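Worksheet: one structure, shown below.
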Amino acid sequence: MKKYILSLDQGTTSSRAILFNKKGEIVHSAQKEFTQHFPKPGWVEHNAQEIWGSILAVIATCLSEADVKPEQIAGIGITNQRETTVVWDKTTSKPIYNAIVWQSRQTAEICDELKEKGYSEMVREKTGLLIDAYFSGTKVKWILDNVEGAREKAENGDLLFGTIDSWLVWKLSGGKAHVTDYSNASRTLMFNIHDLQWDDELLEMLTVPKSMLPEVRPSSEIYGETIDYHFFGQNVPIAGVAGDQQAALFGQACFGEGMAKNTYGTGCFMLMNTGEKAVASEHGLLTTIAWGIDGKVNYALEGSIFVAGSAIQWLRDGMRMFKDASESEVYASRVESTDGVYVVPAFVGLGTPYWDSEVRGAMFGVTRGTTKEHFIRATLESLAYQTKDVLCAMEADSGIELKTLRVDGGAVKNNFLMKFQSDILDVPVERPVINETTALGAAYLAGLAVGYWKNQDEIKSQWHMDKRFEPTMEAETSEELYAGWKKAIEATKAFK
C-alpha cells in the first residue's frame with residue numbers, strides 16, 4: 001500500500017491540504033478560501049470555527065479526488081499563518097472571540113503603553129522581537145480585557161490560548177493535545193527563546209495566566225493522533241508543526257548556517273539560518289526560532305517587507321496597467337532601465353530595517369519621457385531593492401556573507417525580477433522545482449517524525465533546482481542603482 005504525508009497549510013486567506021509522496025512531489029491538493037472580517041479600520045479577524053471547517057473540507061476533497069484512503073496517510077504536518085491568536089473554552093472547545101489576525105492593528109494602543117512603561121529592551125532581549133501589534137501576546141491580553149467574563153474564566157483555568165497550529169492540533173486530536181512548536185511559540189511575545197520556556201516576567205507584563213498556554217514541543221514529533229470521526233475512522237499521527245516562514249526555510253533545505261530563503265508573497269519574508277545560536281540584531285531584524293528537531297534548536301534572523309506581490313496587484317487592479325500579473329515581466333523587459341525612476345511602495349509603511357509605519361508610497365525621477373514600462377519596471381525593481389536592504393542587515397548582524405539565495409512564492413515566476421534580484425544582490429538566486437516550500441517543509445517535519453524519511457540528508461538530496469539566476473551586472477552599475485534607491489527611501493521618509 002502506497003503511503004503519503006498530508007500537509008495542512010493554513011494561510012491568511014485560505015486553507016490547503018497537499019499530499020506529498022516519498023520523493024517530495026505533490027500528488028494532489030485542495031484549497032478553500034474563508035471570510036475576512038474587518039470590524040473596524042485596521043482590524044482583521046477570522047472565525048476560528050470557519051477555519052476549522054475549511055480544514056475538514058480540504059482534507060476530504062484532497063483525499064477523495066486523489067483516491068487516497070485515510071489509512072494511506074503516514075502522518076500529518078501542519079504549517080500556519082503565524083501570530084494569529086485564538087482563545088477558546090477548554091470544556092466546549094468553542095472560541096470566545098474571533099481569531100485576531102497577525103495583520104490586525106487593534107492592539108496598537110496596548111503596545112504604545114508597554115513601550116512607554118519601558119519594556120522594549122527586556123522584550124527584545126528575551127524574545128528577539130519588538131513590541132508590536134503583529135505578535136500574539138497583546139492580542140491575548142486584548143481578548144481577556146475586552147470579552148465579558150474572559151479574564152475571570154482564564155484565571156480559573158477555563159480558557160486556552162493557541163496560535164492556529166495549536167487550535168488545529170486541539171481540534172484534530174479531539175481536545176487531547178494542547179501543544180505548539182518552538183517556531184510558533186517564538187512569535188508570541190511570551191516565550192523566552194534562550195531558555196525555551198514561557199516567561200513569567202513577560203506573562204506578568206501582559207497579564208496572561210500561564211494555565212492558558214500550550215505545551216511547547218519540538219517541530220518534528222508525534223503530538224497526538226486524529227480522532228476517528230474527523231479522519232474517516234483512522235487515527236493518523238499529527239507529527240510536524242512549524243510557522244509558515246520557518247516551514248518554508250525547512251522546505252528549501254536551508255539546513256546549514258548562513259543559508260537563506262526569501263518568500264515573495266503579498267509581502268516578502270527573508271530568513272537566514274544562524275545555526276544553534278540566537279543572533280541579536282542591531283539592524284531592525286527579528287531573532288526567531290527556525291525549528292526544534294533531534295534535541296536541538298536552530299535559530300534564524302528574519303526580515304519582513306510589507307509590500308511585494310501586492311505592489312504587482314496594485315499595478316494591475318489599482319493602476320490598471322495590465323490584466324494579468326505575468327504581463328508585468330513583458331512590460332518591464334521592453335525598456336533597458338527605469339530611466340532614473342524609483343517607486344517606493346510604502347503603502348502600509350516600511351518594514352525591515354526601517355520599521356516606519358507612518359511613511360507612505362512615493363515615486364521619484366519622473367520626466368515627460370517616463371512611460372508605463374518604466375513605471376512597471378521600477379515597481380518590480382523595488383522588490384529587489386527592499387530584499388537587498390534586508391540582506392545588508394542580515395550580513396551586518398550575522399557576520400555571514402550570503403553565497404546564494406533560495407526563493408519561493410508567487411512572484412518568483414517573474415524571470416525579470418529574479419535576474420534583477422541576482423544582479424542587485426551580486427549573488428546567485430536559485431528557484432526550486434517545487435515552489436510549495438511551506439507545505440513541503442511541514443510534510444518533511446512530519447515525515448521525519450514517523451520515519452517516512454530517514455534524515456535531513458535524504459531531504460537535502462530531494463531539493464531540485466528549476467533555474468539559477470547568475471549576477472552579470474557591473475558592480476559599479478548595481479552600486480549606483482542601489483545608492484539611488486537609498487536616496488529615494490530618505491526622501492520618502494521626509495514626506496509624512
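Numbers run from 1 along the shown chain.
Glycine residues also receive a Cβ, built from the backbone N, Cα and C atoms like all the rest.
According to DSSP, Gly410 (ATP binding site) is assigned to a helical segment. All protein chains considered, the CB of Gly410 (ATP binding site) has 16 other CB atoms within 10 Å. The feature ATP binding site is assigned by Swiss-Prot to Thr12, Thr13, Ser14, Thr266, Gly309, Gln313, Gly410.
Among the features that Swiss-Prot reports, ADP binding site is placed at Thr12, Arg16, Thr266, Gly309, Gly410, Asn414. Of all the Cβ atoms in the protein chains shown, 19 others lie within 10 Å of the Cβ of Thr266 (ATP binding site).
Of all the Cβ atoms in the protein chains shown, 25 others lie within 10 Å of the Cβ of Glu83 (sn-glycerol 3-phosphate binding site). Residues annotated as sn-glycerol 3-phosphate binding site in Swiss-Prot, with sequence analysis given as evidence: Thr12, Arg82, Glu83, Tyr134, Asp244.
Of all the Cβ atoms in the protein chains shown, 24 others lie within 10 Å of the Cβ of Gln245 (glycerol binding site). Here Swiss-Prot flags Arg82, Glu83, Tyr134, Asp244, Gln245 as glycerol binding site.
The annotation phosphohistidine is assigned in Swiss-Prot to His230 on the grounds of sequence analysis.
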Tell me, in order along the sequence, which binding-site residues from Arg82, Glu83, Gln245, Asn414 have their CA within 10 Å of Thr12 (ATP binding site).
Arg82
Cβ distance under 8 Å to Gly309 (ATP binding site), same chain, sequence separation 6 or more: which residues?
Tyr264, Gly265, Thr266, Gly267, Ala325, Gly409, Gly410, Ala411
Can you tell me the CA-to-CA distance separating Arg82 (sn-glycerol 3-phosphate binding site) and Gln245 (glycerol binding site), as a whole number of Å?
8
Non-site residues, in chain order, whose CB comes within 8 A of the mean position of the CB atoms of Arg82, Glu83, Tyr134, Asp244, Gln245 at glycerol:
Gln81, Thr84, Trp102, Arg187, Gly243, Phe269
Residues within 8 Å of the Thr12, Thr13, Ser14, Thr266, Gly309, Gln313, Gly410 Cβ centre (excluding the ATP site residues themselves)
Gly11, Gly265, Ser310
So, in DSSP terms, is Thr266 (ATP binding site) helix, strand, or coil?
coil
